[in-house]
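Copied over from Swiss-Prot, here are the features:
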- 25-40: compositional bias 'Basic and acidic residues' (COMPBIAS)
- 80-93: compositional bias 'Polar residues' (COMPBIAS)
- 117-136: compositional bias 'Polar residues' (COMPBIAS)
- 137-146: compositional bias 'Basic and acidic residues' (COMPBIAS)
- 151-250: domain 'PB1' (DOMAIN)
- 25-55: region 'Disordered' (REGION)
- 76-146: region 'Disordered' (REGION)
- 38-42: motif 'EAR-like (transcriptional repression)' (MOTIF)
Amino acid sequence: MEGCPRNREIGPKLLDLIPQGRKWYQEDKNNTDQEKKLELRLGPPGGDEEDHSAIKKKNTEIRNIKKETEDKSFHCFNGNHFSPSNKTTSVPHISQKRTAPGPVVGWPPVRSFRKNLASTSSSKLGNESSHGGQINKSDDGEKQVETKKEGMFVKINMDGVPIGRKVDLNAYNSYEQLSFVVDKLFRGLLAAQRDISDGQGEEKPIIGLLDGKGEFTLTYEDNEGDKMLVGDVPWQMFVSSVKRLRVIKSSEISSALTFGCSKQEKMMH
């Protein structure tokens, strides 16, 4: 019976040896704090709290920056996929190298339709100038091009006159007009070659150039080298085949002509 009270005294003493939970936790925390203080560090002692707060602040800043970049990238992604100007806009590649700007030719730039308009207008002007035409506007406002014949100049000489002249056959339509022009060209020159002392220095009309009844007769040389009287063939045939003209004395016709003497022989008879 005496053993029971002894056991009762030993039990509470063993329980007192186990520290209470709160005191043990506080003591453990104090021990860890003391161990941290005793640790060897590169920084000065007592700067742990400041370093911890700085790291915490830096971490919060990094989180905020990441959040902002994610929000911006999300908005950009939505804008690129849902904006109506997605097809027209193009983002240049970062790896592309900028080339040096070359010399600017033809500034300011001309649009394509203006270039086409200029080319068509220049081609029209070129065609009209090549035809030698004259542009006239009708009552309806339409342009009409009147074709102008190019000048067909033929050299003409006269016996007794050292100076030759040129006539444009396309400016005349008949042999009569041609004979009138020849008389006008050589009348003064022929009078200048005559002897003034004999009283023959006055200008006299040159008649009978086509029918051989005058002092002089008009002849021509064709492309084949034949010498013939002017007026033997139709006017258009004469214009297309004549090479040069010459006014000769009527007395020398038989020896000067190489073809077409039948008309002169008829006139002589």
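Just so you know, glycine gets a Cβ as well, placed from its N, Cα and C.
DSSP assignment over the domain 'PB1' (151-250) gives 30 helix, 32 strand, 38 coil. A mean pLDDT of 87 is what the model gives for the domain 'PB1' (151-250).
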